[in-house]
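Asker: Got these off TrEMBL a minute ago, pasting:
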- A:55-611: domain 'CstA N-terminal' (DOMAIN)
- A:1-23: region 'Disordered' (REGION)
- A:29-48: transmembrane segment (TRANSMEM)
- A:54-73: transmembrane segment (TRANSMEM)
- A:114-133: transmembrane segment (TRANSMEM)
- A:139-161: transmembrane segment (TRANSMEM)
- A:214-233: transmembrane segment (TRANSMEM)
- A:275-296: transmembrane segment (TRANSMEM)
- A:308-325: transmembrane segment (TRANSMEM)
- A:345-366: transmembrane segment (TRANSMEM)
- A:386-406: transmembrane segment (TRANSMEM)
- A:532-550: transmembrane segment (TRANSMEM)
- A:562-586: transmembrane segment (TRANSMEM)
- A:663-684: transmembrane segment (TRANSMEM)
Amino acid sequence: MSTTVSRPDTDGGPPGGTGRRRPTLKSTLVWTAVAVVGAVAWTVLALSRGESVSALWMLFAALCSYAIAYRFYARFIAYRALRVDDRRATPAERLHNGIDFDVTDRRVLFGHHFAAIAGAGPLVGPVLAAQMGYLPGTIWIVVGVIFAGAVQDMVVLFFSMRRNGKSLGQMVREEIGIVGGVAALIAVFAIMILILAVLALIVVNALAESPWGVFSIALTIPIALFMGVYLRVLRPGRVLEATAIGVVLLLLAIVGGGWIDNTGLADALTLSKEWLVLALVVYGFVASVLPVWLLLTPRDYLSTFMKIGVIALLAVSLLIARPVLQADAITDFAREGTGPVFAGSLFPFVFITIACGALSGFHALISSGTTPKMVAKESQVRLIGYGGMLMESFVAISALIAAVVIDQGLYYAMNAPAGVTGGTPETAAAYVSGLGFPTSAADLAAASAAVQEPSLISRTGGAPTLAVGISEIFSNAFGGNLQAFWYHFAIMFEALFILTAVDAGTRVGRFMLQDTIGNVWKKFGDLSWRPGNIIASAIVVGLWGGMLYIGVTDPLGGVNQLFPLFGIANQLLAAIALTLCTVLLVKHGKLKYAWITAVPLAWDLVVTMTASWQKVFSDNPAIGYFAQRNRYATALDNGEVLAPAQDVGQMQQVVTNSTINGVLQAFFALLVVVVFVNALVVIARAVRARGPLPTTEEPAVPSRIVEPSGLFATAEEKQAIAEHERLVGAGAGARGQGTFTEEGPAR
Amino acid sequence: MTADVAGPVRSAAVRAWRGVRWYLREWSGEARWDDYLAHCAAHGHQPVSRREFERRRADERERNPVSRCC
């Protein structure tokens, strides 16, 4: 058992050695071909103006770029800059307890990690950003993920892994300083609340006035409860069985929604946005205090299977349907910043509207914490961190395609706020045609009839648009008169995992709150103390529920108002994560590699600070929250009512909402500036020290397990594993063994 | 299809099916029960019932919430 076997340098690069091999002729030819296909695809996308362009070019441009980035750049970062060392035991191996520290197969962990990072974000942002045209979004999603998003995920994962899976907040506090740490903690909590509110807002907008949608989504709760009881009482542990039953019931619920559409039940299920807010808040609270086995865990299985299934189906059907791009490469809105979906010009707003899929700070919370405690080998951070994020980026590209292949008149009719479309097909057709996208009331009515929705006008938030795009692509790919089914299938799939994110997020927020308050009031930190659970849950739900209500009732359109705030907040969190990475590279004496995270950090700061500045100080009321506030406050003083507000009450609402949004915006930006300035001090100290500074990295312990680093084991890796097993005998590897006491799994 | 073609095709299909099944069982955590039984057999422990085992795993999950991203 005690034999130590070091894995040979199968990847050619360091650790330890300099054994770079000459590339073989075959690999040279393959990578040249990938580069050529990618270059051609990018050229077609960039140069075509007015011709009909297949959406597959977007897919190929992205896939070829990802492949090259993963093969060369990710490897450079892992082996040259981070110097991953497979002779060193990971926390999963050293601290193995079979619970949170657990050596996990890299492919299984990739699945877990991807399921944790990918949600509604990469589906919604690109849909909204489609108002700038297909090219800016595509470039940012691909370039952003390669140089910023995937780098952040991998580097945070690596540094957290070297520190036994410490959380982002903990690392900032210990490595940067107490001031930065406190600012980061507040930022993480506040941003989480905002993200939950915006996600819930998307669900509300997708379900309002849609009895079919409400029926199917409501049924997911009893389905999840049934699965929970099944797994707890009837057949403990048979997850796959329970999930299969759940998926079948889910599909029946979607079909059933179509039937109730024509019955008396439809009226009862046609809910206003306000009622849906109430329902979501109650649901979120109950889910947070119920035991997880009853609702949360089964829901999570369902939503993950649906997520992976739909994404795979979308990729396949894109290849079959080969839709043609309907949007312009770059629209006038990109230059003028007058788009109806969200205000502001291409720079900086495309880069914050698309956060998830290109660069998402939220991932840093998952790359530190859960995943690093399960990595088997250090070199696997490339597959799990960088590869996982490439996969999410691919989801974002697919969502962007779905938004730019639908009729653009319909796109704007769906995504402009009700205040400007007027809410009816006639007024919407007139408005959208006026924008330069000719459409007719009959066309818009036909589009909503095709998916059996009462109306598609001003169904903002991205989810309904994506569902229309998916339903068209699926119908073209698979035939049959199933567009309405596919539409509600897509809505269900989005709502399902948004709700999973909302209840999981509420719970995490509750734990954070209890932990923080527990520092001053010990009893409150006790997670088994029921009143504490209830109070903390109520506070978290109340906070996001309040923001949600503000968004839902906003006369100017909640998505239009809140989505920029959400995007900026997420990217500001990324700025904190990238700051931490840069500080750690410098402290570890790797100043010459610090650009790897410093360059994306600089870009991210320029984007978020410009956007924050404009949202706070711009004198254009369409962009600046306070300019908006002043405009409405002045009008209110003069006794005027400004469109789209319809009465004095709505005028006051605009004034209040703009103030709240503006203050939040300034607050987030300030927190990040605090962390950044604190970091600069630490960096200056480290640079002056001319050598590595002490960090909280755990000392190296030799590893006793042998595992491949990439998705597929190479011939050398297979040989090394066989050799290792011969030496130490069967069953020596830690994977799958678990640490168990006589009473069951160890505590 | 002749037998000498069907053989490799079938064995490839069987392998693929086994791979998918292995992946899903590992991913969903179902395989943890098998690991536990193997562990008990190797160390001569008396295993607890499956119900009890899964209950403890659920309790663990109660204390360690997993985050789901946007």
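Residue numbering: from 1, along the chain as shown.
Glycine too: its Cβ is placed from the backbone N, Cα and C atoms.
As the structure is a computational prediction, the values presented were derived from the model and not from experiment.
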Asker: Assess whether the transmembrane segment (A:139-161) lies in contact with the transmembrane segment (A:345-366), where contact requires at least three Cβ pairs under 8 Å among residues 6 or more apart in sequence.
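Answerer: With 3 or more qualifying Cβ pairs, these stretches touch.
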Asker: Counting Cβ pairs closer than 8 Å, which of A:54-73, A:275-296, A:532-550, A:562-586 has the most of them with the transmembrane segment (A:345-366)?
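Answerer: Of the candidates A:54-73, A:275-296, A:532-550, A:562-586, A:562-586 scores highest.
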Asker: Using a Cβ cut-off under 8 Å, which residues of the same chain at least 6 positions beyond either end of the transmembrane segment (A:275-296) come close to it?
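Answerer: Same-chain contacts beyond the flanks: 200, 203-204, 207-208, 214, 221, 224-225, 228-229, 231-232, 499-500, 502-504, 506-507, 510, 533-534, 537-538, 540-542, 544-545, 548-549, 552.
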Asker: Excluding the flanking five residues on each side, which residues at least 6 beyond the ends of the transmembrane segment (A:114-133) place their CB within less than 8 Å of a CB in that stretch?
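Answerer: Distal contacts: 140-141, 153, 199, 202, 304, 307-308, 327-331, 333-334, 339-342, 346, 350, 353-357, 360, 362-363, 366, 370-371, 388-389, 391-393, 395-397, 399-400, 402-404, 411-412, 415, 461-463, 465-466, 469, 494, 497-498, 501, 559, 563, 567, 570.
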Asker: Residues sitting near the transmembrane segment (A:54-73): Cβ under 8 Å, six or more positions beyond its termini, same chain?
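Answerer: Result: 31, 34-35, 37-38, 41-42, 44-45, 134, 138, 141-142, 145-147, 150, 318-319, 322-325, 382, 386-387, 390, 393-394, 397-398, 400-401, 404-405.
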Asker: Do you know the mean pLDDT across the domain 'CstA N-terminal' (A:55-611)?
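Answerer: For the domain 'CstA N-terminal' (A:55-611), the model's average pLDDT rounds to 94.
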